[in-house]
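Read through the structure below, which is laid out as C-alpha cells, and then see the notes.
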Amino acid sequence: MAESPLNVLLKGNTGRNTRGLLRIIILGTIAAAAVSSRLFSVIRFESIIHEFDPWFNFRATKYLVQHGFYSFWDWFDDRTWHPLGRVTGGTLYPGLMVTSGVIYHILRFLTIPVDIRNICVLLAPGFSGLTALAMYFLTCEMSTSPSAGLLAAAFMGIVPGYISRSVAGSYDNEAIAIFLLVFTFFLWIKAVKNGSIMWGALTALFYGYMVSAWGGYVFITNLIPLHVFVLLCMGRYSSRIYISYTTWYALGTLASMQIPFVGFLPIRNSDHMSALGIFGLLQLVAFADFVRGFIPGKHFQRLLTTMIIVVFGAAFVGLVVLTVSGVIAPWSGRFYSLWDTGYAKIHIPIIASVSEHQPTAWPAFFFDLNFLIWLFPAGVYMCFRDLKDEHVFVIIYSVLASYFAGVMVRLMLTLTPIVCVAAALALSTILDTYVLATPGPNPKAKVVEDTSSEPLRSARKPDVGITSYLSKLVVTSSVVIYLLLFVAHCTWVTSNAYSSPSVVLASRMPDGSQHIIDDYREAYYWLRQNTPHNAKVMSWWDYGYQIGGMADRPTLVDNNTWNNTHIATVGKAMSSREEVSYPILRQHDVDYVLVVFGGLLGYSGDDINKFLWMVRIAEGIWPDEVKERDFFTARGEYRVDDQATPTMRNSLMYKMSYYNYHTMFQGGQAVDRVRGAKLPAEGPQLSTLEEAFTSENWIIRIYKVKDLDNLNRDHGNAVAFDRGHKRKRATKKKGPRVLRTE
Amino acid sequence: MKLLNFLVPFLAILPHGLCGNSNTDKYDNYRSHSRSTPITLDDSSYADITSKPRDYHVAVLLTATEARFGCILCREFQPEWELIARSWNKGSTPGDLRMLYATLEFTNGKEVFQKLMLQTAPVLLVFPPTVGPHAKVDDAPLRFDFSGPISADQLYTWIIRHLPEGPKPPIIRPINYMRIVSGVTIFMGVVTLFTVLSPYVFPIVQNRNIWAAISLIAILLFISGHMFNHIRKVPYVAGDGRGGISYFAGGFSNQFGMETQIIAAIYAVLSFATIALAMKVPRIADNKRQQVAVIVWGSVLLGMYSFLLSVFKVKNGGYPFFLPPF
C-alpha cells in the first residue's frame, strides 16, 4: 500500500503529534463554545450582574478592589442588617471575590484597563471553559478511550444544568466552584492511582481553594472519605490509598481552616466527622497491615478482633460524650434537611421558603440534562465492567449526587459533572465500537478484561466487533441525530430559560418586537438619586442585596439570612396593621419601605405571592400576634379581592401593594393580573406611610415613612382630619392612642 | 384505660352530687379521679368542669379517635396528648397553679360539638380560671386549631405560653425499653445470622451484578423524581375530569406518582438499549443475529426517546423539539 499523505499524518510519530494538535484544537473549540453559549444575556440585554446574590458578591468585590485585601478581610458592614450590621469579612466565602480581584490586578499590571464589573460579569463563562478542560482530564482518567474525554468536555461545556449557574452576569460562588469541584476530583483520582504525595498535596491545595469559594465543599469533604471507605470494605487497601488520603486530609484540613468563616468547623462540626473518622480508620488499617507481616495468622486474627471491638467502642462512647457535652456542633440545619426531608418544612421556614431548596420533579432533570439523563445509568453500569478504584468513585458519586439532586433543585449542579462523565463513557463505548471502518473489535478501545471470577453478565463472551456496515450506519447516524438534538436543546434552554438577568425583564409586544421592562433599576436609581445616603430602606430579604448593590442604601435584612429574628421582625411589620407596624418601623429608623407588586403586569414573583412566607416566619417568633390562619378565608383560600380576610386587608403589605391601584382602572374594574382577582372598588387607605415612588409598570413601589405628627395626633386621626372627616366621639372616650416610639 | 371507662358513668353523675360543694373540691375531685391520664368527659361533665366559677385552668381536647370517623390526626395525636397530661400531672407543679387536662370524645359529647359548631376535630380549648390569683377578665376559652400533625412539645409550648409565669414541669417522654431491647435483639440476631451464613452471604455481597443492579435502581428512582413524591406526597394518579385517568400532571414542576414510574421505566429501557448496543451486540458472533439485534435495539432507542420527548412536550408546552414517530 502506497504511502498516501493522509497516512503519513495519521500513523507513527507524526500521527501522534497530529492527534495531539487536533485534540488541543477540539478542546479550544469546546471552551470557545462553552463561553459563547453563555453570552446570550450580554448580547440580549447588556453587561449586567444578575439576580440577587451576585449583587452582594459584586459589591464585596468592589470593596476588595477599592480598599485592599486586609481591610476586606476585616470588613464590618454597617450598611446591611441595620442596626445590627454584619461582620462580612468573617462570614463570607472570599474565593470568588479574591479571584476576580487578582484577575483585575493582573490586567491592570498588563495595562489593560478593564472595568471590575466586566470581569465579574464574564468570570463565570471564562471559568466554564476551564471546567470543560478539567472535565476532559477527569474523564481521561476513567477510560482508555480517547473519545470519552472529549465527549465529556463537550457535554460539560454546553449542558444546561451547569449553564443555569454560569451564564454571563451570574457572578455567584458556583461560577468558580464547579471548576474547582471537577478539578479537585481529577487530582484526587490521579493521587489514588499513583499513590503520590505530590498529587495528594495538589488535591489539598485545590480543596482549600474550593473551601474558600463555596459552602458546597462539604460534598467533597464527605465524598472522598466515602470513596476510601468503600475501597477499604472491598478489601482494596493499599499504600497508594494511605498516602493520598492522609496527605489530602492533613493538608486540606489545615488549608480549609484558614478561611475565617470555616475556622474550627472541620474538627467540630458533624458534617466533617466522616473525614476525620476515615482518617483514623485508615491509620488502624495501615497498622494492622503492618503487624500482619510479623505475627502468625491465628494470633493476628485474635488481635484484630480485639482491636476492632475496643477501638469502635471507644470511638462510639467518645462521639456520644462529645456530642452531649456540646463540644461537637449538631448538624447544621441546611445539611440536616438533606437527610430528613420533612425537617426543614417544620422547623426552618426560612429554608423551606427558598425555591432553590425545593425537591426536583422529573421534568427538571430532563430539562437540565436532556439525553445525558438516560445515558447516565448506562455509563454507571459500564463502570462496573472494569471496576478499578476510579470507577468505584464514579459509582458512589453518581448514587449520592442523584439522591441530593432529587431532594434539592439547587444540587442539580453537583450531579451534572458526573452525569457528563458517565454519559461520555457510555457514548464513547458505542462510538468506538461502531465508528470503525475495518471489521472486528476496535483494537484501541480494547480494555484489559477483568480476570476476576465474576465479570458482568453482559461482558462474559469475547468481543468480536460489528461486522455489517448497515449496523454501523444505523447506530452512528442515530447517535449523530441525538447529539445534534442535544446541542439544539441546550441552546434553546440556555436562550429561553437561563439567560434572563431577572433584574431586567423582557416581554414581547403584540407585533413580536422585544420590550424591556426595567422597573427594578428605575426604582433603585430613584432611591440612589432622591434619598439621603443614609436613608434606611426596608424590604423583604430577597431584595436586600440588590438595594445594597444598586441603590447603595442601608437595608434591614438581606439574602444572607443569618438572623432569623430580624427577618421575622420585618415579616411582622409587613403582615400587621399599621398601628402595630409603625412603631416597629420607627424603632428601626426605617425611612422607606419597598414592595414588589406584579398585579399590573402579571409578574408572579411579587411580594403578595411571597407574603405567606413572611407571615409564617413572623409567626415562628410571635405566634400570638401573627397567625397564618387569619390570612386565609373561612374556606381556606388565600384571596386578595373583596372576600379577603380583614387581617389580610389591613396588613401593611396588602395596603402598600394595592394603594391607589384602583385609580388605574375605570369605575371599579381594578384587576390583579397575577392572581386573576377583581379588586374592591374602594382601595386601601394608608395613614402612616406616603407613596414616594412607583415605577413605570408598578413592579416596585416605594413608600416614605411619615415622621411623627406635628400636632401630636396619631396618624389615623391626622389623615381623617385632612380628608375632612369629623373625629368620632367613640375614639375620644378611649383617649388618644399613645404612640410608643422607643 | 379500663378504669377510666368505668369512671365515665360515675363522672356523669358527679355534678348532681357535688352541687353544693365548693370549687376547691371540684378541682381535687377531678384530680383524684385521674392521677395521670387526661380526664374523660361527656356532655354533662364537660358542662360541669367548665362551669363558672372555676379557680383552675382546664384544657379540653375535643377529638374523635374512633376508627369510623376516619380522623387520622385525632388518633395520631392522642398518645401525644396523654403524654402532656402525664408529664404535667406527674411533674411538680407550682403550688397555686392548678390545671386539669381532659378529653371529650365526639361520641360522648355530640351536644358540645354542636353547641360549639365544630366542623373539624381535634380542637383544643383552654379555659382560664374565673376566680383566684390567676383569674382573667375575659373568661372565653383559648382555642388551638390543628393545622397538621403536631408533636407534644409544640402544643405544650403553646399551652405554657398562655399560662401565668412560673416554673412548669417539662415534657418527659417515657423511655421505650421494649424498643431498645428488641433493637438489640434484632441487631444481635442479624450479626449471628451473618456469621453463620457468611459462606453463603459473601458471594452475594461481593457479586458485582447485584451491586450494579442496586446502584442502577437507586439512580433511576432518584432521577425520575421519586424524592419529590416522597417529600410532597403527590397523588398516585388523578382523574382528568371526564371520567378518565390522567397519567401526567399538568405543569413543569408537578408530577404524579405513576408518572414518575412511567418515566423511570422509559429511562430504564433507554439505558438498557444503550448497554445492549455498546456491550452485548459486539459479542454476538453470528452476523445475521447481530444485524437484527442492532436494528431492534436501535429502533427501541429511537421509539422510546421519541416518546420521552413527546411526554416532555406535554409537561413543557413551548418545547419545540421532537423526533418521529411520536
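Any Cβ shown, glycine's included, is placed from N, Cα and C.
Checking TrEMBL for transmembrane segment across the ranges A:144-163, A:524-543 points to A:144-163. Of the candidate ranges A:91-107, A:601-617, A:652-668, TrEMBL annotates residues A:91-107 with the feature transmembrane segment. Long-range Cβ contacts of the transmembrane segment (A:119-138) within its own chain (Cβ-Cβ under 8 Å, at least 6 residues beyond either end) map to 27, 30-32, 34-35, 38-39, 42, 47-49, 54, 57-58, 61, 96, 99-100, 103-104, 107, 149-150, 152-157, 162-163, 165-172, 175-176, 178-179, 182-183, 185-186, 189, 417, 420-421. The average pLDDT for the domain 'Oligosaccharyl transferase STT3 N-terminal' (A:22-422) in the predicted structure is 87.
Long-range Cβ contacts of the transmembrane segment (A:21-43) within its own chain (Cβ-Cβ under 8 Å, at least 6 residues beyond either end) map to 50, 121-122, 124-126, 128-133, 136, 146, 150, 153-154, 156-158, 163, 166-169, 490-491, 494-495, 499-501.
Counting residues 6+ beyond its ends, the transmembrane segment (A:175-191) has Cβ neighbours under 8 Å at 95-96, 99, 123-124, 127-128, 130-131, 134-135, 137-138, 141-142, 156, 162, 165-166, 199-200, 202-203, 206-207, 209-210, 213-214, 216-217, 219-220, 224, 227, 243-244, 247-248, 390, 393, 397, 413-414, 416-417 in the same chain. Per DSSP, the secondary structure of the domain 'STT3/PglB/AglB core' (A:536-586) breaks down as 32 helix, 4 strand, 15 coil. In this chain, the transmembrane segment (A:211-234) lies close to the transmembrane segment (A:391-409): three or more C-beta pairs between them fall below 8 angstroms, excluding pairs fewer than 6 positions apart.
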